[in-house]
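A short write-up of the structure that comes next.
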(Lines of atoms letter the chains of each structure in order from A and count residues from 1; the text may use other names and numbers.)
(Lines give C-alpha, C1' and ligand atoms only; values in the text may rest on other atoms or scores of the structure.)
Protein backbone atom coordinates (compact mmCIF):
# COMPACT_ATOMS: atom_id res chain seq x y z
CA UNK A 1 0.00 0.00 0.00
CA UNK A 2 1.24 3.49 -0.74
CA UNK A 3 2.52 5.70 2.04
CA UNK A 4 0.22 8.42 3.45
CA UNK A 5 -0.15 11.27 0.99
CA UNK A 6 1.30 9.21 -1.85
CA UNK A 7 -0.94 8.37 -4.81
CA UNK A 8 -1.65 4.71 -5.45
CA UNK A 9 -0.35 3.14 -8.64
CA UNK A 10 -2.99 1.46 -10.86
CA UNK A 11 -1.87 -1.92 -9.53
CA UNK A 12 -1.96 -0.66 -5.96
CA UNK A 13 -5.40 0.88 -6.50
CA UNK A 14 -6.82 -2.42 -7.77
CA UNK A 15 -5.17 -4.40 -4.98
CA UNK A 16 -6.44 -1.94 -2.38
CA UNK A 17 -10.05 -2.32 -3.53
CA UNK A 18 -9.79 -6.12 -3.60
CA UNK A 19 -8.40 -6.41 -0.08
CA UNK A 20 -10.73 -7.15 2.83
CA UNK A 21 -10.61 -5.50 6.22
CA UNK A 22 -9.54 -8.51 8.26
CA UNK A 23 -8.18 -9.75 11.56
CA UNK A 24 -6.22 -12.93 12.17
CA UNK A 25 -4.08 -14.93 9.80
CA UNK A 26 -4.43 -18.06 7.68
CA UNK A 27 -7.46 -20.26 8.29
CA UNK A 28 -8.55 -18.10 11.24
CA UNK A 29 -8.76 -14.88 9.22
CA UNK A 30 -12.02 -12.97 9.77
CA UNK A 31 -13.17 -10.64 7.00
CA UNK A 32 -14.81 -7.97 9.11
CA UNK A 33 -16.26 -5.96 6.22
CA UNK A 34 -17.89 -8.99 4.57
CA UNK A 35 -19.42 -10.09 7.87
CA UNK A 36 -20.63 -6.57 8.67
CA UNK A 37 -22.36 -5.96 5.33
CA UNK A 38 -23.80 -9.47 4.95
CA UNK A 39 -25.26 -9.51 8.47
CA UNK A 40 -26.36 -5.88 8.21
CA UNK A 41 -28.18 -6.47 4.93
CA UNK A 42 -29.76 -9.63 6.35
CA UNK A 43 -31.09 -7.66 9.31
CA UNK A 44 -32.32 -4.92 6.96
CA UNK A 45 -34.17 -7.53 4.87
CA UNK A 46 -35.87 -8.99 7.95
CA UNK A 47 -36.81 -5.55 9.27
CA UNK A 48 -38.32 -4.38 5.96
CA UNK A 49 -40.35 -7.53 5.36
CA UNK A 50 -41.49 -7.75 8.99
CA UNK A 51 -42.55 -4.10 8.99
CA UNK A 52 -44.49 -4.50 5.75
CA UNK A 53 -46.06 -7.72 7.00
CA UNK A 54 -47.25 -6.08 10.23
CA UNK A 55 -48.69 -3.09 8.37
CA UNK A 56 -50.21 -5.10 5.51
CA UNK A 57 -53.79 -4.17 4.81
CA UNK A 58 -56.55 -5.74 2.76
CA UNK A 59 -57.44 -2.28 1.47
CA UNK A 60 -55.46 -0.26 -1.05
CA UNK A 61 -51.81 -1.21 -0.44
CA UNK A 62 -48.95 1.26 -0.55
CA UNK A 63 -46.15 1.15 -3.11
CA UNK A 64 -43.75 -0.72 -0.82
CA UNK A 65 -46.38 -3.31 0.08
CA UNK A 66 -47.18 -3.83 -3.62
CA UNK A 67 -43.49 -4.29 -4.39
CA UNK A 68 -43.00 -6.79 -1.54
CA UNK A 69 -46.13 -8.71 -2.53
CA UNK A 70 -44.87 -8.89 -6.11
CA UNK A 71 -41.56 -10.39 -4.95
CA UNK A 72 -43.30 -12.87 -2.63
CA UNK A 73 -45.69 -13.96 -5.38
CA UNK A 74 -42.83 -14.36 -7.86
CA UNK A 75 -40.83 -16.55 -5.46
CA UNK A 76 -43.92 -18.54 -4.45
CA UNK A 77 -44.71 -19.30 -8.10
CA UNK A 78 -41.10 -20.34 -8.70
CA UNK A 79 -41.29 -22.77 -5.78
CA UNK A 80 -44.61 -24.22 -6.96
CA UNK A 81 -43.19 -24.82 -10.44
CA UNK A 82 -39.87 -26.36 -9.36
CA UNK A 83 -40.40 -28.00 -5.97
CA UNK A 84 -42.38 -31.22 -6.12
CA UNK A 85 -42.40 -32.22 -2.46
CA UNK A 86 -44.29 -30.90 0.55
CA UNK A 87 -42.32 -28.63 2.83
CA UNK A 88 -43.50 -25.31 4.27
CA UNK A 89 -39.89 -24.19 4.75
CA UNK A 90 -38.92 -24.06 1.08
CA UNK A 91 -40.83 -20.91 0.04
CA UNK A 92 -39.58 -18.75 2.97
CA UNK A 93 -36.07 -20.12 2.43
CA UNK A 94 -36.20 -19.31 -1.29
CA UNK A 95 -37.50 -15.81 -0.56
CA UNK A 96 -34.72 -15.20 1.97
CA UNK A 97 -32.03 -16.44 -0.40
CA UNK A 98 -33.29 -14.42 -3.37
CA UNK A 99 -33.72 -11.10 -1.57
CA UNK A 100 -30.63 -11.43 0.66
CA UNK A 101 -28.31 -12.41 -2.20
CA UNK A 102 -29.78 -9.64 -4.38
CA UNK A 103 -29.20 -7.06 -1.64
CA UNK A 104 -25.59 -8.18 -1.20
CA UNK A 105 -25.11 -8.09 -4.98
CA UNK A 106 -26.72 -4.65 -5.18
CA UNK A 107 -23.89 -3.17 -3.11
CA UNK A 108 -21.86 -3.51 -6.32
CA UNK A 109 -23.96 -0.71 -7.82
CA UNK A 110 -22.45 1.85 -5.44
CA UNK A 111 -19.47 3.84 -6.77
CA UNK A 112 -16.35 1.87 -5.85
CA UNK A 113 -14.65 4.72 -3.97
CA UNK A 114 -17.49 6.21 -1.91
CA UNK A 115 -17.74 3.94 1.12
CA UNK A 116 -14.00 3.05 1.21
CA UNK A 117 -13.21 6.79 1.18
CA UNK A 118 -15.64 7.47 4.03
CA UNK A 119 -14.14 4.54 5.93
CA UNK A 120 -10.63 5.91 5.40
CA UNK A 121 -11.68 9.14 7.15
CA UNK A 122 -12.38 7.00 10.21
CA UNK A 123 -8.99 5.31 9.94
CA UNK A 124 -10.23 2.11 8.27
CA UNK A 125 -7.55 1.13 5.72
CA UNK A 126 -9.56 -1.36 3.65
CA UNK A 127 -13.26 -1.86 2.95
CA UNK A 128 -14.92 -4.27 0.51
CA UNK A 129 -18.62 -3.48 0.46
CA UNK A 130 -19.89 -6.33 -1.76
CA UNK A 131 -20.13 -9.48 0.41
CA UNK A 132 -20.66 -11.78 -2.57
CA UNK A 133 -17.23 -10.85 -3.97
CA UNK A 134 -15.83 -12.71 -0.96
CA UNK A 135 -15.64 -16.45 -1.63
CA UNK A 136 -16.01 -17.12 2.11
CA UNK A 137 -19.51 -15.61 2.06
CA UNK A 138 -20.65 -17.47 -1.05
CA UNK A 139 -19.30 -20.76 0.29
CA UNK A 140 -21.05 -20.13 3.62
CA UNK A 141 -24.36 -19.75 1.78
CA UNK A 142 -23.69 -22.82 -0.36
CA UNK A 143 -22.65 -24.97 2.61
CA UNK A 144 -25.88 -24.01 4.37
CA UNK A 145 -27.83 -25.25 1.34
CA UNK A 146 -25.67 -28.40 1.24
CA UNK A 147 -26.47 -29.19 4.88
CA UNK A 148 -30.20 -28.91 4.08
CA UNK A 149 -29.77 -31.22 1.07
CA UNK A 150 -28.16 -33.90 3.25
CA UNK A 151 -30.68 -33.39 6.06
CA UNK A 152 -33.77 -33.73 3.88
CA UNK A 153 -32.27 -36.57 1.85
CA UNK A 154 -31.87 -38.60 5.05
CA UNK A 155 -35.17 -37.41 6.55
CA UNK A 156 -37.25 -38.31 3.47
CA UNK A 157 -35.42 -41.45 2.32
CA UNK A 158 -33.96 -42.66 5.58
CA UNK A 159 -30.30 -43.51 6.13
CA UNK A 160 -30.59 -46.74 4.12
CA UNK A 161 -32.38 -44.99 1.26
CA UNK A 162 -29.75 -42.25 1.16
CA UNK A 163 -26.94 -44.82 1.12
CA UNK A 164 -28.69 -46.77 -1.65
CA UNK A 165 -29.01 -43.59 -3.68
CA UNK A 166 -25.26 -43.10 -3.43
CA UNK A 167 -24.31 -46.71 -4.13
CA UNK A 168 -26.93 -48.14 -6.53
CA UNK A 169 -27.20 -45.28 -9.04
CA UNK A 170 -26.70 -44.95 -11.97
CA UNK A 171 -25.68 -48.64 -12.26
CA UNK A 172 -27.99 -50.91 -10.28
CA UNK A 173 -25.52 -53.73 -9.61
CA UNK A 174 -23.51 -54.58 -6.49
CA UNK A 175 -20.31 -54.90 -8.48
CA UNK A 176 -20.66 -51.24 -9.52
CA UNK A 177 -21.06 -49.89 -5.98
CA UNK A 178 -17.53 -48.34 -5.85
CA UNK A 179 -18.07 -46.63 -9.20
CA UNK A 180 -21.55 -45.43 -8.22
CA UNK A 181 -20.29 -44.12 -4.88
CA UNK A 182 -17.51 -42.17 -6.59
CA UNK A 183 -19.82 -40.67 -9.23
CA UNK A 184 -22.62 -39.78 -6.82
CA UNK A 185 -20.23 -38.31 -4.24
CA UNK A 186 -18.64 -36.08 -6.88
CA UNK A 187 -22.11 -35.02 -8.07
CA UNK A 188 -23.23 -34.28 -4.52
CA UNK A 189 -20.14 -32.30 -3.55
CA UNK A 190 -20.18 -30.39 -6.84
CA UNK A 191 -23.53 -28.81 -5.95
CA UNK A 192 -22.32 -26.43 -3.20
CA UNK A 193 -19.03 -25.80 -5.00
CA UNK A 194 -20.79 -24.73 -8.21
CA UNK A 195 -23.30 -22.63 -6.25
CA UNK A 196 -20.53 -20.77 -4.42
CA UNK A 197 -18.11 -20.28 -7.30
CA UNK A 198 -20.76 -19.20 -9.83
CA UNK A 199 -22.00 -16.40 -7.57
CA UNK A 200 -18.51 -15.38 -6.46
CA UNK A 201 -17.02 -15.43 -9.97
CA UNK A 202 -19.71 -13.29 -11.57
CA UNK A 203 -19.75 -10.67 -8.81
CA UNK A 204 -15.97 -10.56 -8.45
CA UNK A 205 -15.58 -10.02 -12.19
CA UNK A 206 -18.25 -7.31 -12.13
CA UNK A 207 -16.54 -5.51 -9.27
CA UNK A 208 -13.18 -5.72 -11.02
CA UNK A 209 -14.63 -4.12 -14.16
CA UNK A 210 -16.01 -1.22 -12.09
CA UNK A 211 -12.56 -0.77 -10.55
CA UNK A 212 -10.85 -0.78 -13.95
CA UNK A 213 -13.33 1.80 -15.26
CA UNK A 214 -12.72 3.96 -12.17
CA UNK A 215 -9.00 3.99 -13.02
CA UNK A 216 -9.81 5.84 -16.25
CA UNK A 217 -10.93 8.92 -14.32
CA UNK A 218 -7.37 9.57 -13.17
CA UNK A 219 -5.81 9.66 -16.65
CA UNK A 220 -6.93 12.39 -19.06
CA UNK A 221 -10.09 14.17 -20.18
CA UNK A 222 -10.74 11.86 -23.14
CA UNK A 223 -10.46 8.64 -21.12
CA UNK A 224 -12.41 10.19 -18.26
CA UNK A 225 -15.28 10.99 -20.65
CA UNK A 226 -15.11 7.45 -22.03
CA UNK A 227 -15.11 6.15 -18.46
CA UNK A 228 -18.43 7.87 -17.76
CA UNK A 229 -20.02 6.18 -20.78
CA UNK A 230 -18.55 2.78 -19.94
CA UNK A 231 -19.57 3.03 -16.31
CA UNK A 232 -23.16 3.92 -17.20
CA UNK A 233 -23.36 1.09 -19.73
CA UNK A 234 -21.86 -1.47 -17.36
CA UNK A 235 -24.10 -0.23 -14.54
CA UNK A 236 -27.23 -0.86 -16.61
CA UNK A 237 -26.02 -4.29 -17.73
CA UNK A 238 -24.91 -5.18 -14.20
CA UNK A 239 -28.47 -4.73 -12.91
CA UNK A 240 -29.33 -7.79 -14.99
CA UNK A 241 -26.26 -9.67 -13.71
CA UNK A 242 -26.94 -9.15 -10.01
CA UNK A 243 -30.62 -10.02 -10.39
CA UNK A 244 -29.92 -13.08 -12.52
CA UNK A 245 -27.29 -14.41 -10.11
CA UNK A 246 -29.66 -14.08 -7.15
CA UNK A 247 -32.37 -15.85 -9.16
CA UNK A 248 -30.03 -18.67 -10.25
CA UNK A 249 -28.85 -19.25 -6.68
CA UNK A 250 -32.46 -19.41 -5.50
CA UNK A 251 -33.64 -21.70 -8.31
CA UNK A 252 -30.76 -24.15 -7.93
CA UNK A 253 -31.45 -24.29 -4.19
CA UNK A 254 -35.11 -25.11 -4.89
CA UNK A 255 -34.19 -27.77 -7.47
CA UNK A 256 -31.56 -29.40 -5.24
CA UNK A 257 -33.98 -29.56 -2.30
CA UNK A 258 -36.70 -30.92 -4.57
CA UNK A 259 -34.32 -33.71 -5.62
CA UNK A 260 -33.59 -34.38 -1.94
CA UNK A 261 -37.33 -34.88 -1.34
CA UNK A 262 -37.72 -37.40 -4.17
CA UNK A 263 -38.13 -40.90 -2.76
CA UNK A 264 -36.96 -43.33 -5.42
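Yeah, the Cβs are placed from backbone N, Cα and C, and that goes for glycine too.
Note that this is a predicted model, so its numbers are computed, not measured.
Within the same chain, residues 20-23, 68, 96, 99-100, 103-104, 107, 126-131, 134, 136-137 sit at least 6 positions outside the transmembrane segment (29-49) and bring their C-beta atoms closer than 8 Å to a C-beta of that stretch. Swiss-Prot lists 29-49 (among others) with the feature transmembrane segment, giving sequence analysis as the kind of evidence.
Within its own chain, the transmembrane segment (87-107) has Cβ neighbours under 8 Å at 37-38, 41-42, 44-45, 49, 71-72, 75-76, 78-79, 129-132, 137, 141, 145, 148, 152, 199, 203, 241-243, 245-247, 249-250, 253-254, 257, 261, counting only residues six or more beyond its boundaries. As annotated by Swiss-Prot, transmembrane segment applies to 87-107 (among others), with the evidence given as sequence analysis.
If you look up Swiss-Prot, you'll see 134-154 (among others) marked as transmembrane segment, on the strength of sequence analysis.
Annotation comment: Swiss-Prot describes 177-197 (among others) as transmembrane segment.
Sequence-distant contacts of the transmembrane segment (208-228), counting only residues of its own chain at least 6 positions beyond either end whose CB sits under 8 Å from a CB of the stretch, comprise 10, 13-14, 17-18, 108, 111-113, 234, 238. If you look up Swiss-Prot, you'll see 208-228 (among others) marked as transmembrane segment, on the strength of sequence analysis.
Residues 75, 78-79, 82-83, 90, 93-94, 97-99, 101-102, 105-106, 108-109, 132, 141, 145, 191, 194-195, 198-199, 202-203, 206, 210 of the same chain, all 6+ positions outside the transmembrane segment (235-255), place their C-beta atoms under 8 angstroms from a C-beta of that stretch. Annotation comment: Swiss-Prot describes 235-255 (among others) as transmembrane segment.
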